[in-house]
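J.: One structure coming up, written as structure tokens, with questions to follow.
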């Protein structure tokens, strides 16, 4: 199937020109169907079998799995098709027009991370994929930037068990083998309103929340003291109070107070255990004020992730790149892929470009990224 694809830069241009924004706000959220159609056509042209998978619980979002080869094992290359929304007033270029300037390619998704699929396609354009000795899978997921619904659903429903996977998130080609998780909760306190001239006739939700926050801070200190992973720049689980709102007037007893908080657990800490620790921390308040305090998820939680440092994937990639793997504090889809096979996070561009105005790919990443994909496909699918 040689040379059936457009040139690399035109593939990149087409990906950036196809909007696929994910947002919790319905007015900003977009389907990724057009982008999936583009990718499905190109991978079909290369000889892959292509399956498009609707993702339940989303607004018309899809995963795409392109596969070739038979048998067990093989390699999975994966990434997400969606981008974050953009702030029109802060971009100096059209986010959906690939712009080349000063050794950079500008556009929404150039770094995070639609452009990774252009690298995969370009690396495979001259490969007869029907002759690979082990399977090669390409997965394009939906909604990573909001719920990670695509990766969650794929990992829960697929029977595939590749030998290993690489997620092409922007890491400046520094291989990542572990990251923290993310839990985002809302704590709600329901009081009883009344006139401020007689506080005893009501229940002040702000005062109850003040008590709850004291117990949450004790949990924060306990997490810091009990759990450590020295490879991380912040080597303990973090707990952050991000948003609070309560009451509506200075002369009313506050009837409702709401606190948004997050916890970033280390690899190996289970989500159930953390939820249990939070509930235990708040138990004294709940017992003192029955039925007035609740805890709920703001977003579906993401567990921490770790690829075994002695796995063949780590050894091969470290040798190819001449560098050691690292760990990071941010989250990716790796915990879900790791349930299928050992997984690394590794791709072009810097994470510092993600979610920024005038997002860009430095062209110095083009050649080494193409070479890396070619080498890992050769190692894991030809041998």
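Every residue, even glycine, has its Cβ placed from backbone N, Cα and C.
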J.: If I go by Swiss-Prot, which of 102, 112, 198 binds Zn(2+) 1 at the same site as 80, 169?
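T.: Zn(2+) 1 site check in Swiss-Prot: besides 80, 169, the record includes 112 out of 102, 112, 198.
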J.: Kindly point out which candidate in 145, 315, 318 is recorded by Swiss-Prot as part of the Zn(2+) 2 site with 112, 355.
T.: 145
J.: Specify the count of other C-beta atoms within 10 Å of the C-beta of residue 355 (Zn(2+) 2 binding site).
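T.: Step by step: centre on the Cβ of residue 355 (Zn(2+) 2 binding site), count other Cβ atoms within 10 Å, giving 14.
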J.: Out of the recorded positions listed (80, 82, 169), which are within 10 Å of residue 145 (Zn(2+) 2 binding site), Cα to Cα?
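T.: The recorded positions passing the 10 Å Cα test are 80, 82.
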J.: When you rank 80, 112, 144, 169 by Cα distance to residue 355 (Zn(2+) 2 binding site), which of the recorded positions ends up on top as the closest?
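T.: Spatially nearest to residue 355 (Zn(2+) 2 binding site) by Cα position is 112.
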J.: 10 Å Cβ neighbour count around residue 145 (Zn(2+) 2 binding site)?
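T.: Within a 10 Å radius of the Cβ of residue 145 (Zn(2+) 2 binding site) lie 20 other Cβ atoms.
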J.: Between the Cα atoms of residue 80 (Zn(2+) 1 binding site) and residue 144 (active site), find the distance and write it as a whole number of Å.
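T.: Cα of residue 80 (Zn(2+) 1 binding site) to Cα of residue 144 (active site) measures 6 Å after rounding.
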J.: Would you kindly give the Cα-Cα distance separating residue 82 (active site) and residue 169 (Zn(2+) 1 binding site), rounded to the nearest Å?
T.: 12
J.: Sorry to bug you, but what's the C-alpha spacing from residue 144 (active site) to residue 82 (active site), rounded to the closest Å?
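T.: Spelling it out, the Cα of residue 82 (active site) and the Cα of residue 144 (active site) are 7 Å apart.
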